[in-house]
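J.: The structure under discussion is supplied below as structure tokens; questions concerning it will follow.
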Amino acid sequence: MASGQREAERSAKAERAEAAASLAAEDLKDINKGDVTYKLTERTTTTEPERPGLIGSVMKAVQGTKDAVIGKSHDTAESTREGADIASEKAAGMRDTTGEVRDSTAQKTKETADYTADKAREAKDKTADKTKETADYAAEKAREAKDRTADKTKETAEYTAEKAREAKDKTADKLGEYKDYTAEKAKEAKDTTAEKLGEYKDYTVDKAKEAKDKTAEKAKETAEYTSDKARETKDKTAEKVGEYKDYTAEKAKETADKAREAKDKTAEKVGEYRDYTAEKATETKDAGVSKIGELKDSAVDTAKRAMGFLSGKTEETKQKAVETKDTAKEKMDEAGEEARRKMEEMRLEGKKLDEDASRKTQQSTESAADKAHETKDSVAQRGEEGKGSIMGALGNMTGAIKSKLTGATTPSDEETRASAHGDESTGKTVVAVDVKDTRPGYVATVLKEADQMTGQTFNDVGEIDDEEKVRIVVGEKKL
């Protein structure tokens with residue numbers, strides 16, 4: 001505790017000494033600059049009360065400085081030594097504290113300088129009145145103060161330089177120690193770092209080895225898993241392919257069954273249409289036989305009734321009868337040919353249906369049914385057309401024979417001239433049949449041949465007595 005107080009007192013004394021030295025230095029600086037002027041005047045004997053003037057104030061300040069610097073040299077020296085010891089002790093680890101003290105000292109010096117400047121300005125104002133009396137004294141005192149201040153400044157400078165050298169040496173020693181300490185620490189850090197790097201290197205190698213082993217193990221597991229999955233996928237794919245194969249075979253079988261069913265249905269439909277066509281042809285044939293039978297009966301009856309009428313005809317009538325016979329034969333031949341052509345067309349139509357059915361067995365049942373239906377309509381229509389053509393030709397022939405055999409009119413010259421060929425102006429066809437030059441039973445034979453050509457037959461009525469030429473005029477029916 002006591003040592004701490006002594007150190008505090010020493011520090012305070014050192015600060016006071018530095019402040020006093022700074023103040024004296026500032027005063028000396030002002031004097032050297034010549035800011036203070038002196039004026040010599042005559043000295044009078046007037047006694048005035050003594051009072052301190054500018055010089056007195058300066059001298060008082062200098063005296064205080066002298067007492068502080070010289071009069072208390074022992075204390076100052078002791079304080080200085082103590083301060084030096086303290087500075088030496090603190091130089092190693094308290095460089096920052098020294099900087100703070102230096103800053104504080106500079107601040108104090110500045111404050112003292114400001115205060116001295118203020119006082120100097122005040123003294124300057126008062127000096128104007130006191131210059132005459134105190135000029136010589138002031139000059140002398142100034143010289144003395146200058147000399148003393150110079151000595152003190154020199155001593156202070158030497159002391160400061162010495163202390164600076166000592167501080168420099170101590171600082172160098174400390175810096176050397178710090179340098180050695182830093183080098184040692186750097187070496188230790190380097191060794192520690194190398195050791196740590198070795199440990200890290202070994203650790204990294206171990207970790208890399210472990211990672212490599214784990215990677216190899218994972219790769220092996222992944223390969224095994226991939227292989228298992230590939231086998232499973234292959235098995236599933238094979239199973240699916242088998243299922244799809246079975247499904248495709250089943251669908252192909254179903255398609256073939258449906259095609260066979262469609263083919264059977266189409267064949268059945270074609271058979272039905274063929275039966276229908278044959279039935280229609282049979283009906284047409286029966287109708288033709290019936291019509292020809294009727295025509296035969298009508299012609300025989302008419303011929304018998306007209307025998308008396310025909311027996312009295314002239315040679316012209318016989319010639320016309322011959323022409324009528326030839327024309328009737330041609331008409332019968334044409335009718336038979338037309339009947340054969342229609343039958344051939346129906347046969348070719350049935351054959352075409354068979355070929356169409358063979359080509360379209362792969363089509364759907366609905367399309368086959370539609371086509372069969374259309375074919376049925378076409379066959380029916382063609383059967384009706386054939387039936388109408390045959391019946392129309394036979395009807396026209398029957399009507400012409402009936403109309404002419406039952407009539408009693410005598411042909412005119414115009415009709416006679418047109419007997420060899422049709423009369424275009426009247427729209428009638430003249431047929432001349434030569435009965436005289438024809439053997440007995442010729443008409444019946446012609447009709448029988450016509451029936452045989454069309455696949456029909458009828459009973460022969462025998463020969464017709466007194467056959468002569470018959471002129472038959474077939475007239476076209478006008479609409």
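For all residues, glycine too, the Cβ spot is worked out from N, Cα and C.
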J.: Swiss-Prot lists coiled coil for one of the ranges 201-239, 318-356; which is that range?
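T.: Going through 201-239, 318-356 one by one, Swiss-Prot gives coiled coil for 318-356.
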J.: For the region 'Disordered' (210-237), give me same-chain residues lying six or more residues beyond its boundaries with a C-beta closer than 8 angstroms to one of its C-beta atoms, as numbers and ranges.
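T.: Hits for the region 'Disordered' (210-237): none.
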J.: DSSP says what for the region 'Disordered' (210-237): how many helix, strand, coil residues?
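T.: Secondary-structure composition of the region 'Disordered' (210-237): 28 helix, 0 strand, 0 coil.
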